[in-house]
Amino acid sequence: MTTFQPLAEKALRRQLPTRAELLAVLSSSDDDLMDLVAAVFKVRLRYFGRRVKLNYLVNMKSGLCPEDCFYCSQRLGSEAEIVKYTWLKPDETAKAVSAGVEAGASRVCLVASGRGPTNRDVERLAPTISDIKEQHPGVEVCACLGLLSQGQADRLREAGADAYNHNLNTSEERYADICTTHEFADRVDTVEQAKHAGLSPCSGLIAGMKESDDDLVDALFALRELEPDSVPVNFLMPFDGTPLEGTWELTPQRCLRILAATRLVFPDVEVRLAGGREIHLRSLQPLALHVVNSLFLGDYLTSEGQAGSADREMIEDAGFEIQSAGEPTLPRERHDLLKARRRGAGTALPPNA
Ligand code: SF4
């Protein structure tokens, strides 16, 4: 039995690993990496088989953000050489969405830079969402517009959005080290608002921002409390002209350990390989498919990703298959976890005390 097998068995029982167990995974040796991936692959296989969900990002509004997130090339004062534009026109959005769907994406993520949308922005987006749902049946629409105000999540849901993304990014303790214009609690609040409106919550992290293993574990536990349906794991893309410029502290092996730790905390939740995979995992990307069950296809918000054809080829070569639109992502039994109480007060059976 490998060191990691008991941990994988725990995940198969949907039991949360302890802090010590996660720290042991994160600090394990490169010599044990294949054992770790093999153990975690059993969990991936059990809940997601060999399916890979493809997601496609459409950056509807790029740059010019008044917030100062240190990792972001679109931040206030960023000198990163990125494309900057205000809201895409509906036909430009439709064209970008169609390209992603034709390439195999079963979820499109409509993203806009900024602290959060105005009600006018939400109204502008509503018909776009409805059009996408009509033109691409089975394709999920996720909105990612920043901090939400009262009522906006409901309006997005009403327009047909399936999900809302807002990442926690790092631990609460470190949040002020990566952003000073909003707080960790604001991010938590937005994910909660999205959940209450019936939007599928998507929230993840960015690794490689000088955090410690303890910070990563804190971030994973905080995410787990939000009960997201999908968890994107980004690896910092340290753009020149941002405060984290030159921060290259990840190795492909460390990225795999971070993904494995994430899978152990989220055995039956979509774990998505997100930004930075090409530059940090490099030729080890196919190994990551044994841990995650989802990835972003094509380009990121302000940087270029691997060609879609190379992604599809990688998936096929590694023996995985692309999930089709309309095919459910999450294991069905995940929704069976909530059991109506049939014992204790008001019943003839003894309580579970
Ligand atoms: S992450 Fe979002 S809110 Fe923060 S600077 Fe970038 S675009 Fe603005």
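Including glycine, each Cβ sits where the backbone N, Cα and C put it.
Nobody curates TrEMBL annotations by hand; they come from automatic prediction.
Annotated features in TrEMBL:
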type	residues	note
DOMAIN	47-277	domain 'Radical SAM core'
BINDING	C65, C69, C72	[4Fe-4S] cluster binding site
BINDING	C109, C142, C202, R272	[2Fe-2S] cluster binding site
- request: Counting Cβ neighbours within 10 Å across all chains shown, tell me which of the binding-site residues C69, C202 comes out on top.
  value: C202
- line: Excluding C109, C142, C202, R272 themselves, the [2Fe-2S] cluster site's Cβ centre has within 8 Å the residues N55, R107, C144, A163, N165, S230, P232
Query: Taking the Cα atoms as reference points, how far is C142 ([2Fe-2S] cluster binding site) from C69 ([4Fe-4S] cluster binding site) in Å?
result: 22
Query: Hey, of the binding-site residues listed (C109, R272), which one tops the CB count within 10 A?
result: R272
Mean of pLDDT values spanning the domain 'Radical SAM core' (47-277): 94
Query: Taking the binding-site residues C109, C142, C202, R272, which residues show a Cβ-atom distance to ligand 1 below 6 Å?
result: none
Message: With an 8 Å cut-off on Cβ distance to the C65, C69, C72 Cβ center, who else from the chain surrounds the [4Fe-4S] cluster site?
response: E67, D68, Y71, S73, Q74, R75, L76, S78, S113, C179
Query: Around C65 ([4Fe-4S] cluster binding site), which residues of its chain at least 6 apart sit with Cβ under 8 Å of its Cβ?
result: C72, Q74, R75, L76, S113, G114, R115
Query: If one measures from the C-alpha of C69 ([4Fe-4S] cluster binding site) to the C-alpha of C109 ([2Fe-2S] cluster binding site), what distance in angstrom results, rounded to a whole number?
result: 20
- line: Given the binding-site residues C72, C142, the candidate whose Cβ has the fewest other Cβ atoms within 10 Å is C142
